[in-house]
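Annotated features, as they stand in Swiss-Prot:
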- 21-108: repeat 'Solcar 1' (REPEAT)
- 123-208: repeat 'Solcar 2' (REPEAT)
- 215-305: repeat 'Solcar 3' (REPEAT)
- 26-44: transmembrane segment (TRANSMEM)
- 89-105: transmembrane segment (TRANSMEM)
- 129-149: transmembrane segment (TRANSMEM)
- 183-200: transmembrane segment (TRANSMEM)
- 215-231: transmembrane segment (TRANSMEM)
- 280-297: transmembrane segment (TRANSMEM)
């Protein structure tokens, strides 16, 4: 049995080193995984963003549950889906690019290792870490403006909804085209690290769970949950930094000249302490772990369905 066909719960691990996934298969399955994951976790994302953006001395929200109640009471239940249009576009594009680039990088890395097998070998988990980090860089680079728009719209605490077009116009008038790239550098570092760690953790969890495949239902989702929690737990400060920079022009307590990530880090440490980087951490874990579980579960099942459909039609 080769690496690609090493299975858990009777299904192929399509993210394993050596797995054969075509670009169009990864594109379709990745888009579906992003769309479904976003639709389910949108309210948690809004709560997380509100908590992350709070500055010491202006704490409007006190914990995830009270934030939920406050938003529903003051803005209406629909407010939990503020920023959902750019976020849905973001998740669909991100999922498509992430899994397509992961598949391509995984294949290229396998070929490189094969051609240099006398010099070194790469473990399955390390392979996933490298390919995952690369896919995180690619997907973040191409979808970042939608991430920024999602943050701006979700952060709006007014009862009325901001339109995506008015937000785009406001950013452009205030900062020019460069305004859509605010926080890109910490964003690339944050997501590349988080994505690499997610795929790394997922591969380790899949390898470990082979011994328990008969007792763990929805194995892909279970392993995805562990992967999401691990990745977010290790990279959360970078995510907070990215969100703060994205909202810098609207933050009352931070000088506009402090746009550089290092300067902003110093400002947060000075005014809020180390815990300033961990605001919204609990809700972020509650959001990220299920998101990864749903995303990886949907991707694996979608690919299995696509391959089965393609196989049947080839026989006709």
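Using N, Cα and C of the backbone, Cβ positions are placed for all residues, glycine too.
Counting Cβ pairs closer than 8 Å and at least 6 residues apart in sequence, the transmembrane segment (280-297) and the transmembrane segment (26-44) reach three or more and so form a contact.
The predicted model assigns the repeat 'Solcar 2' (123-208) a mean pLDDT of 87. Packing against the transmembrane segment (183-200) from elsewhere in the chain are residues 15, 98, 102, 125-126, 128-137, 139-141, 144, 147-148, 227-228, 230-232, 234-235, 238-239, 241-246, 261, 292: each is 6 or more residues past its ends and has a CB under 8 Å from a CB in it.
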